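Feature list (source: TrEMBL):
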REGION    337-356  region 'Disordered'
REPEAT    15-56  repeat 'WD'
REPEAT    57-88  repeat 'WD'
REPEAT    99-140  repeat 'WD'
REPEAT    141-182  repeat 'WD'
REPEAT    183-224  repeat 'WD'
REPEAT    225-266  repeat 'WD'
REPEAT    267-299  repeat 'WD'
Amino acid sequence: MAAPCAEDPSLERHFKGHRDAVTCVDFSLNTKHLASGSMDSCLMVWHMKPQSRAYRFAGHKDAVTSVNFSPSGHLLASGSRDKTVRLWVPNVKGESTVFRAHTATVRSVHFCSDGQSLVTASDDKTVKVWSTHRQKFLFSLSQHINWVRCAKFSPDGRLIVSASDDKTVKLWDKTSRECVHSYCEHGGFVTYVDFHPSGTCIAAAGMDNTVKLWDVRTHRLLQHYQLHSAAVNALSFHPSGNYLITASSDSTLKILDLMEGRLLYTLHGHQGPATTVAFSRTGEYFASGGSDEQVMVWKSNFDVVDYGDVTKGQRPPAALASSSRSLPEVDFHVPGRARSQESVQSAPREPASTPQALTSTLEHIVGQLDVLTQTVCILEQRLTLTEDKLKQCLENQQLIMQRVTP
């Protein structure tokens, strides 16, 4: 059972400085700093200490889509619509190194727990892995057939999970670089994905307004929540593994108790879509950002008993009972905003055992589909190269025509 809630989450700090929608937030290891990125092309690094000066980092030529502190806190990675990844030293100088390999918007950046590698996801349909110390591109993972919105390392660094507009979540083995499994239960674009702190399961958010949790060992759907009335844009696990927070275009944040499979709080703070949310490394705080250009820092005020358990290993969430009864909830809101009522949808019943012959036939079909998917990816890559060459030829032709014309 989860620890009883001490008191409701409370709005602690309110940071204003971005000139457009906030797209991403992340805390440093010691929770002294909070980084945020925005459609205004800038990164901000905020000091959690009151009355402290914030740093504004300019370097990207277009919207910043993702930020992530390295485990040590000495580096800050960012991805942008300008197709680049930058590694910043988060100090007054704000110096950065540019990584170039993606051919479209970079949607996501995430450091491995050892700080040696960085994984990125892009609209060029690839997931790429980089060496942070050698500052070089290592390899690509290329089985998605649409934009890749998010990619994360597992806590032990051995697996990578990615979410895509092809409506799939893919699990990859970092060493073999092979796709271990594809989760296809989402009914729309998958916007965000992350590993549970235990590394045994993943949670994904979608444009179909749902949040789903799967076991990465059995690939079984553990929990399915349909709580928001619009797309779920981001999610974050509490370090204890007992809670999950979500941010949605319906303007709310929701805190879920994964041990009991129920909604704990609904937070109304942003005017317009809530675009991003992240717990601090200790779980004492969480930060959110929205299209209202605001960065908000909230004090969790729950799970106080479990703080000491963070280092002892976390429990994965249990599958929800298959009954369809409404589960108890508490709806918390910032004064001045309307309350709303939600329900938790239980996970479907386990299907009856499938005959061995049918299982092997289905596995064969899945294998053939994987081959077809890879073939389509290769054809798409060749088509992109052909289009680029054709564009270059037309540009050269225009230059020749301009020179010929008196």
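Every residue gets a Cβ built from N, Cα and C, even glycine.
Per-stretch counts of Cβ pairs under 8 Å to the repeat 'WD' (57-88) identify 99-140 as the leading one among 99-140, 141-182, 183-224, 225-266, 267-299. Note on the repeat 'WD' (141-182): DSSP counts are 0 helix, 23 strand, 19 coil.
Computed over the repeat 'WD' (15-56), the whole-number mean pLDDT of the model equals 93. In the repeat 'WD' (267-299), the DSSP tally of helix, strand and coil residues is 0 helix, 20 strand, 13 coil. Broken down by DSSP into helix, strand and coil, the repeat 'WD' (99-140) contains 0 helix, 24 strand, 18 coil. Broken down by DSSP into helix, strand and coil, the repeat 'WD' (57-88) contains 0 helix, 18 strand, 14 coil.
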